[in-house]
Amino acid sequence: MLGSDDFFYIGGSPNTADLPGSPVSNNFMGCLKDVVYKNNDFKLELSRLAIERDPKISLNGDLVFRCEDVAALDPVTFESPESFIALPKWNTKKTGSISFDFRTTEPSGLLLFSHGRTQGPKEQKPGRDMKSDYFAMELLDGFLYLLMDMGSGSIKLKTSNKKVNDGEWCHVDFQREGRKGSISVNSRSIPFNSNEGSEILDLDSDMFLGGLPETRSDLVLPPEVWTALLNYGYVGCVRDLFIDGKSRDVRRLAEIQSSPGVSSFCTRELQKRCSSTPCGNGGLCKEGWNRYICDCTGTGYLGSNCEIEATVLSYDSSMYLKILIPGTMHTEAEDVALRFMSQRAYGLLMATTSKESADTLRLELDGGRIKLTVNLGSQWQPHHDNL
C-alpha cells in the first residue's frame, strides 16, 4: 500500500540505478497509454492526472502526450585510434551508473576516461606525476577492465575471464553507491569495493568516449590506465549509452563536435583487408575492425603502410643523444622498439634516469647479448635475450 510519503515513478526516475529491488539502470524510451494504479477500492488514473497537471503529479523531461517515434540511439563507429567523442562532465559524486554496448575485434583500446581536480600546488601544471580522482574502462588483450580512484588508492578490476573482442555486441552495466558497486558484462555481475576512505568520486573533466584528444596538456593520465599512456584508442562500435539512467545521443554529439573518424552506423566487413598485402617492406599485416594494421617492428620503416624509411643515427662511442622530459613521469606501461647494428659486444643502447628516483630502465649489449635491466625502486631485475 502506498503511503503519503511514498513516490510512484512512471517511465524512469532521477537515478534509476539507485531504486531498490531492480537491476535495471536505464529509464524507459517509448510510449505508455492509460497508466492506472489500482489497489482494492483505491484507483489512480495516472495518465489523466498528468494531462490535467494535477499538483500531485510532477513531470520531468521532454514529455509529450501523444505517441511519437522515439529517436533511436544509433550506434557509432570509431574508425581509428585517434577518434573520440567528448561527453559532458559526469557529476557522479556518491552514486552513479553507466551502461552501453560495444563491438570490436581489436584487442586493446580506451573506452571511457574522466579525471578530477589535481591534488597539488595550484601553480603546478597538470601532468602524469600529479594525483586526482579518475574513472576509466579499457580493453587490454581482449579483456575489459574497470579502473577507478576516489582519492584513497586505485582499483583495477578485470571484469570477466572471457575475452570480449569477438566481434559480437557486448553489454556493460556499471553501478556504484559510495565505495561499493558492481560491473556487469553480458549479465555476469562482479561486485567491487574501493579502498577504505573517500566515498566521493570527484570528476572535473569531460568524459571521453573512444579515446583522448591529441592535445593532452590539461589531462591527468594515471599510470594505471595503460591504454591512455600507450595511445591505444578504441576502434569499433558503441551504442545505447546511458549515464545515470539517461540516454546519451553519441551520434548527435559526434556531429556537433565534427569528430573525425566517427561514423553513424555499425557494420562488420567480411572482406579481409590484409588480402591486398598493403604493408610494404616486410611489415606484418594484422586484421583490425574494418581496417588493416601494419606492424612495422623490425623493418626499419615507419608509417601506416611501413612506407617511410626510419632515420638512422651513427655513434662512435664518444657520442650520445640526451632527451629531457619536462616533469617527472610515473608510468606502468612502456612500448619501446629500436633496431641496431654493431660489431662491438658491449655498449649502452638506451637508459632512463631521474634525479628524484632510483627507478630506471636500461637496454644494453652485454657480451653480444641484449640485456634489459629494470629497477622499480626495490631491486635490479636484469633480463637477457635467448638468442
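Heads up, the Cβ atoms here are built off N, Cα and C, so glycines get one too.
Here is what TrEMBL says about this protein:
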DOMAIN    1-67  domain 'Laminin G'
DOMAIN    74-266  domain 'Laminin G'
DOMAIN    270-307  domain 'EGF-like'
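DSSP labels the residues of the domain 'EGF-like' (270-307) in these numbers: 4 helix, 10 strand, 24 coil. Beyond the domain 'EGF-like' (270-307), the same-chain residues lying 6 or more positions past its ends with a Cβ under 8 Å from any Cβ of the stretch are 77, 79-80, 104-106, 235-237, 337, 339.
Confidence in the domain 'Laminin G' (1-67), given as mean pLDDT, stands at 72.
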